[in-house]
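Written out below as structure tokens is the structure these notes cover.
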Amino acid sequence: MEKIPSFQLDHIRLKRGIYVSRKDYIGGEVVTTFDIRMKEPNREPVLGAPELHTIEHLAATYLRNHPLYKDRIVFWGPMGCLTGNYFLMRGNYVSKDILPLMQETFRFIRDFEGEVPGTEPRDCGNCLLHNLPMAKYEAEKYLREVLDVATEENLNYPD
């Protein structure tokens with residue numbers, strides 16, 4: 001079998017950031033898939049499953065309720081490697097286009113107080129797998145170290 005494009009990416013040189021992973025053309029529309037990379041692959045500890053699950057719930061809720069973008073949001077979900085998330089939006093975007101939206105999203109997560117949306121047994125397939133304090137910690141770290149100081153190497157995959 002052929003290696004899929006995401007496995008051809010040089011993960012050794014990959015930094016934390018926001019990257020366009022792919023663009024799919026469906027009918028007359030483009031769906032842009034973003035790699036929201038929160039950890040450097042194979043060089044730092046991955047995100048714990050509980051905090052990544054909480055980030056998923058909070059980011060998906062925030063984005064699907066966003067007054068400007070809610071109709072363009074297709075999907076937000078964790079990567080199996082636990083180094084970040086995939087984010088799909090309807091439209092033809094580059095990473096820089098969504099940097100302000102990601103800053104807003106991660107500030108929302110960092111500042112969130114109260115019960116995490118969708119964490120009741122009837123709402124979630126693993127409602128006990130959550131960690132709000134660690135999700136807030138990881139959101140703050142990603143904001144401070146990556147999103148708020150992003151350069152081209154955090155917005156474009158390495159060649």
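Glycine is no exception: its Cβ is also placed from the backbone N, Cα and C atoms.
Sequence annotations record features per position, and here Swiss-Prot assigns Fe cation binding site to His53, His57, Cys124.
Annotated Fe cation site His53, His57, Cys124; additional same-chain residues within 8 Å of its Cβ mean position, judged by their own Cβ, are Thr54, Glu56, Val116, Gly118, Thr119, Asn126, Cys127, Leu129, His130.
Long-range neighbours of Cys124 (Fe cation binding site) (same chain, six or more residues apart, CB within less than 8 Å of its CB): His57, Gly118. In the three-state DSSP scheme, His57 (Fe cation binding site) is classed as helix. A C-beta separation below 8 Å, combined with a sequence spacing of at least six in one chain, links His53 (Fe cation binding site) to Pro78, Asn126, Leu129, His130, Asn131. DSSP assigns Cys124 (Fe cation binding site) to coil, not to a helix or a strand.
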